[in-house]
Every structure is written in C-alpha cells, then in structure tokens.
Ligand code: 5GP
Ligand code: ZN
C-alpha cells in the first residue's frame, strides 16, 4: 500500500535489519528496541489494524504466531518472551500495518502501562 511505512520496508524502499521472511511474513529489528531482542513480525499483505481482520486472514495470523515461536527459539529466548500487538489509538498503535512485537532478553512487567 502506498504511503505505508511497513509496506515500504517489505519492498526494500526503506532499509531494515531483516531477521526472517518467507512468502507471507516479514520480520525485522525494531528501530527503537525496548529490550535486548525486539523484532517486528508483519504480514506481507497490507492490513491496517487488528480491527480490519477478515476470516480469510486467520491462516496468516496463525503463521505469524508460529513464526514468533520459531524466531524466539532461534534468538535464544528460552527463558521466555512477550508477543504484543497494539490496536489503534488506545492500544498504542503508531504504524497502521498490523504487526506483532517479539520482545525478550529481560524480565517483563505486568500490567503494561
Ligand atoms: P506500534 O507503536 O505501532 O505498536 O509499533 C510500531 C513500532 O515500529 C515501534 O516500536 C517503532 O519503534 C517501530 N518503527 C517505527 N518506524 C520504524 C522504522 O522505520 N524502522 C523500524 N525497523 N522500526 C520502526
Ligand atoms: Zn502496509
């Protein structure tokens, strides 16, 4: 989608530190990490928010979580980690292309702020 930051990252128009990609998902390091490991996992298909998901997106969303689990293993997060997706203004979403944060390498707090 034009003017979407993450679509531009997927297309390589904006550089990123790619961690993993396949035909459906793209994973790259967050530019402002909040923990020693902070990877964003996104669908290659543009979906603006979790609110916009349709039943046909179930497979890709499941694939994103399976990818998060695989990357967490590969990145050595055997002590645990957090997977977060922020939705819209009150959820704290700032980039309107659905993404999951894979965050780890330190003890997390709960509840979030
Ligand atoms: P949100 O706040 O929408 O849940 O998450 C957006 C994330 O994208 C933030 O953690 C932010 O640091 C990250 N981000 C914003 N712009 C860029 C960028 O140009 N490159 C990368 N790698 N991450 C970005
Ligand atoms: Zn997009």
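Each Cβ is built from the backbone N, Cα and C atoms, and glycine gets one as well.
Record note: among 92-96, 97-101, 102-106, 97-101 is the stretch given as motif 'Histidine triad motif' by TrEMBL. For residue 99 (active site, tele-AMP-histidine intermediate), the number of other Cβ atoms no farther than 10 Å from its own Cβ, over all displayed protein chains, is 23.
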